[in-house]
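Annotated features in TrEMBL:
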- 1-150: domain 'Major facilitator superfamily (MFS) profile' (DOMAIN)
- 34-53: transmembrane segment (TRANSMEM)
- 99-122: transmembrane segment (TRANSMEM)
- 128-145: transmembrane segment (TRANSMEM)
- 180-201: transmembrane segment (TRANSMEM)
- 213-232: transmembrane segment (TRANSMEM)
- 239-258: transmembrane segment (TRANSMEM)
- 299-321: transmembrane segment (TRANSMEM)
- 327-346: transmembrane segment (TRANSMEM)
Amino acid sequence: MALAISIVCTYMPQIVISMFSGTWGDKFNKKNLIIIGDTITGISTLILAILFINGFDSLYLLYGACALRSVGSGIQTPLEHAFLPLICPEEKLTKINGIYATASSAINILSPAMAGVLLNVMDFGHTLFIDCITALLAIIVLLKLKYKNTISSNKDTSTLSDFLEGVKYFKQHIFLGRLILFYLLFYFFMSAPAFLTPVLVNLKFSSSVNALAINEFVWSLGTMLGGILICSFKEFNKLKFMAISALLFGGFICLLGASNIFSIYILFMLCSGISLPLFNTSNTVLIQENVKKEMLGRVFANLNILSTISTTIGITVFGIIGNTISVDILLILVGAFIAILSIWIWKIYRENKV
């Protein structure tokens, strides 16, 4: 029950606020909105830290903080991707998005280790102040950043009409609609290995904390290496790269399910981690290059809504299926479906040559 409430608090506010944040981003200053999102995250964490330090350690406070942080994330996340094309030359978008992916993965590697060290020397409440400090530093950096603001031509339209205009934009641009549909299907299937690989390690190899930690560390290391790898590429066809990376990712997921030796499993986990940012970065840059700048906020906000829903549905569906068939067989099937999806994106590449 506690896990279900936590999932709702983490995802639902983000979905709801994203309906508004995209239209706000296309009407107003994206940088200021990102700062607002980061401020909400920082203040909610600060309040939680103060309450825990003073002895108020209810589980419901954690739910409330998760919900507020989700609101901040729903404002910040889609607008970050919409903001990058405004401050970065188009020919540098792939490299910058690759650096973004690398930095995110590095944080995923370092954060648990740092948290473990900090929790050994201070209590949970005081540890939360670190998150507040990093939020403050991010806000200071953004405040010093200058860029040319791109604003939607009509500020008088309602948020609902702007949101619906963003939905219509998908329908009017067949290439973009097909690209995003593929992305959503990919993330629906990707939710299975993302959440079931720790279960597979526990059931098939070892239930020790070290084995699970290695599993998570190698995945994050792979995504970091993938981000570094894509930074090294210059000009390449993004659609073609998406098709190849999706095929590789699906193949490696199949091999994860088929592996019977933990060291071999870890090798395939590393390879699947490397292939994921190759897909994600190519997809993000394609959208940034093919969407009008005054529509970027709505497009990425709608994509954030749809991908969050797709992932949540995937977790639910594959969680239920995982109770009826073995997890390793499920991963083999999911990997096969992802590999088959790559044929579709290859077909789009052949038709569009983008």
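Note that Cβ sites are derived from N, Cα and C of the backbone, with glycine treated the same way.
Only pairs six or more apart in sequence are counted, and the transmembrane segment (128-145) with the transmembrane segment (213-232) gives fewer than three Cβ pairs under 8 Å, not enough to call it a contact. Stretch with the largest number of CB pairs closer than 8 A to the transmembrane segment (180-201), among 99-122, 213-232, 239-258, 327-346: 327-346.
Counting only same-chain residues 6+ beyond the ends of the transmembrane segment (239-258), those with a CB under 8 A from a CB of the stretch are 182, 186, 190, 192-193, 197, 200, 265, 268-269, 271-272, 275-276, 278-279, 282-283, 286, 327-332, 334-343, 345-346, 348-349, 352, 354. As a summary of secondary structure, the domain 'Major facilitator superfamily (MFS) profile' (1-150) carries 132 helix, 0 strand, 18 coil according to DSSP. Confidence over the domain 'Major facilitator superfamily (MFS) profile' (1-150), given as mean pLDDT on the 0 to 100 scale, stands at 82.
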